[in-house]
Amino acid sequence: MSDYKFTLNLPETEFPMRGNLANREPEMLERWTKDGLYQQIRDSRIGRTPFILHDGPPYANGSIHIGHSVNKILKDIIVKSKTMSGFDAPYVPGWDCHGLPIELKVEQKVGKPGQKISAAEFREECRKYAAEQVDGQRADFIRLGVLGDWQKPYLTMDFATEANIVRSLSKVIENGHLHKGVKPVHWCTDCGSALAEAEVEYEDKTSPAIDVAFTATDSKALAAQFGVSDYSHPVAMVIWTTTPWTLPANRALSISPELDYSLVEFVKDGATHAVILADVLVEACMTRYGAESHNVLGKVKGAALELVRFKHPFLAFDVPAILGDHVTTDAGTGVVHTAPGHGQDDFVVGQKYGLEVANPVGDNGVYKPDTEFFAGQHVFKANDNVVALLKEKGALLHHVAYRHSYPHCWRHKTPIIFRATPQWFISMDNQNLRKQALSEIEQTQWIPDWGQSRIEKMVENRPDWCISRQRTWGVPITLFVHRETEELHPDSVSLMARVANRIEQEGIQAWWDLDAAELLGEEAEQYRKVTDTLDVWYDSGSTFASVVGARPEFHGHGVDLYLEGSDQHRGWFMSSLMISTAMTGKAPYKQVLTHGFTVDGKGRKMSKSIGNVIAPQQVTNKLGADILRLWVAATDYSGEMTVSDEILNRSADAYRRIRNTARFLLANLNGFDPAKDLVAVEDMVALDRWAVRRAAALQQEIIEAYEQYNFHIVTQKLMQFCSVELGSFYLDIIKDRQYTAKQEGHARRSCQSALFHIAEAMVRWIAPILSFTADEVWQLLPGQRDAYVFTQEWYQDLQSITLDTDLSDAYWDNLLTVRNEVNKVIEQARRDKRIGGSLEAEVTLFADAALTEQLTHIGDELRFVLLTSEAKVLPLADATSDAVETELASLKLVVNATTAEKCERCWHHREEVGTIEAHPTLCHRCVTNIEGDGEVRLFA
């Protein structure tokens, strides 16, 4: 054989079987950076239709986690696939840089502002800390193979962006959406600040649940309303609450106008009590109170009790019964304790009745000095003292520890309170913002589509947006208010424009350094500067204007797509929608795509305490970024995304299948120069034409899946193509032709041309997902080409050919089915030790007329399709008794061991081996391929 080995076309490539991604990817990244790859892509798309995916900024604090990786990889897949589709798709990553978490980190290092360090110095420290965090996260994102303008990202703390945030607010004010009010807001006593809705988490908490009696100021008159005359006992209305600490701020009792309320007399411990309760809750309440007996004396509708007065249980004033739509009978008594300073519903109903918005609680959660009974006590510690006082006053009917879901601060994990404070709000209804936003939601495409109803419900029910915070590190609310009237300066909009220009030069510190007289002149004495900062959700929510609307690479084009985790319906999607609609009357996006959260193999959240955290840095260091990218692409992101070591190892297995296919293609393109060796599609061997046609059809399906953001379908189709159509069929069949045909002959060049077309297409299909591997393949493909696959478009030379009417896709599908049946019988013969490999087999196919016509169409080349040394087709009626039935009624098979000699070069067993004098160990075909013009193949 040694003489003939050198006549074979053995596969050869520098593309290694093992990816060694963890080591090789960083080398590729260095080259991408050195070559200015991102700018090359931008230059290649000048003048093309823009596609703008706007990056929702992660917070500049801490290392990236697997959720960040999912998000950035999904964005990168979209940007790269849109670029392949010919769009100019810039990607400018961003970071959210202001706000409390950074302040807390800096406080740990340098202390609180105004103590050891000035506020100005504190802001500078915050800026430095945020910049360090950005650097760390940026390196991790780049390592994932995400291409973008990493050297010029947008930061909400960039002077220009800070200035644009102020300009955005001035537009909101100009359009009449801002108002100042005293309102109850989520308040964290640890932060000492208001919280946005998105900063609130619900956790279980144990609270005192109490039933409290408010005695009527005129019990006899009230009993008469229930049809009971001359009643001698005190009559009380009973509330149920889990926040006893709010009772000092009680200003009313809310009841439902539609509900029936009963006057109930009950006896407990020998004492008679008369109480008013919702009729449907009477039995439950009597059981709860341990009543020995009870009697309903009368019923009235809630509406009849409006404005009846009741004494506060421990303060020297009385409060009215008022009507509210928020009253339910899910629990409690059907009467709601109403403290307008401590609850949103309470506030709304209180406004209707002109109730005082009392707030006896300070920033730190401690009662103010003038609070009777409880001054200086922390509200949660005061709960027990309130209960004790109620007991002492005879107003406590029941008290129990109650476990319930309660709002907590997402940073401190501590319970929060509702607390009325003077704040700045964007009104949802003054200028019809709610109505406009709901209309814009309908004009937006939500992926998955349930996102639409989710955000609609949130917009329908959300209160006015409190945009002010009492913090140091944030974009200032650059307003002047009158010292006496608290009214905004009449020239606020133009003043803000001037302040924004200063901030653009000097950053937000310019506002705190500003002497009001510089802008207001003599008026300065009448006005004071607002010292509040903006909610950081305003910072990020205005980036469609402050970044996309301002940077030149976006060409003033609106945003096509926002893509974030499903928690952002109430976060970034919401804040962006509110600001954009308030500024322009339009949504800031055309499409909004959400992905689920990552969970472990058992469906649990990632948690350090459970020990199930999978860090992206560990995955890239061990398996490589392409494995992580393949897992992201292959997972249906519309639900929870399950990840574990086992799942990532399965991704690595799938990756190896794709890599091995790419390696086979490259190895068999050895010595192929498309400029001179490419065979026109119409001149190819029929099977090669089929392979190119299949690739063309698959490309259409893959492009469509990319366009619909169905990346798991891309990976499914790719795996199917590599494993079945290529791996188990086409590549298997062509090995013989590739290795043994004449090197320059048509049979081999036809096959190489098909492999070249498939490789050119496939490297583009995988580029958005397996970016490192695609680059590696691209560098080794034959022929003249640009430096990077990422500047290319989908492969245009995949012609969908229809020349083969008789050898259609259906024809080859049938042949594949027949081949699978033959393989089963050959496999059985191998197990029975009747043959070794399939080339030791002679197969006889007994087929009906229709199948016979198909099988004989390709003549002697049928044996190459079946990978046997001989294949004969005979009528089904002639089937011998030893013929094996198959799953096809039209086919029976007999497999026998060949008696012919084995060709030393191609390993086929042929009768002529040993009869050719010059080459006694070869078959005719091999002799032709060595010495003659090369074999002729038409079909396979």
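Glycine residues also receive a Cβ, built from the backbone N, Cα and C atoms like all the rest.
Given the structure is predicted, the values throughout are model-derived calculations rather than measurements.
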* Structure fact -> Matching 58-68, 421-431, 476-486 to Swiss-Prot annotations, motif ''HIGH' region' lands on 58-68
* Structure fact -> Which range is motif ''KMSKS' region' per Swiss-Prot? Of 175-179, 205-209, 555-559, 605-609, it is 605-609
* To do: Could you tell me which of these binding-site residues, CYS903, CYS906, CYS923, CYS926, has the fewest other Cβ atoms within 10 Å of its Cβ?
  => CYS906
* Give the distance between the Cα atoms of CYS903 (Zn(2+) binding site) and GLU564 (L-isoleucyl-5'-AMP binding site), rounded to the nearest whole Å. => 62
* Asked: Where DSSP helix means H, G or I and strand means E or B, what are the helix, strand and coil counts for the motif ''HIGH' region' (58-68)?
  -> 3 helix, 1 strand, 7 coil
* To do: Check each residue in the chain of GLU564 (L-isoleucyl-5'-AMP binding site) that is at least six apart in sequence and keep those whose C-beta is under 8 Å from its C-beta; list them in sequence order.
  => GLY56, ASN71, GLY571, TRP572, PHE573, THR594, HIS595
* Structure fact -> Rounded Cα distance in angstrom between CYS926 (Zn(2+) binding site) and LYS608 (ATP binding site) is 65
* Structure fact -> According to DSSP, CYS926 (Zn(2+) binding site) sits in helix
* Asked: How many other Cβ atoms are found within 10 Å of the Cβ atom of LYS608 (ATP binding site), counting all protein chains shown?
  -> 7
* Within the motif ''KMSKS' region' (605-609), how many residues are helix, strand or coil going by DSSP? -> 0 helix, 1 strand, 4 coil
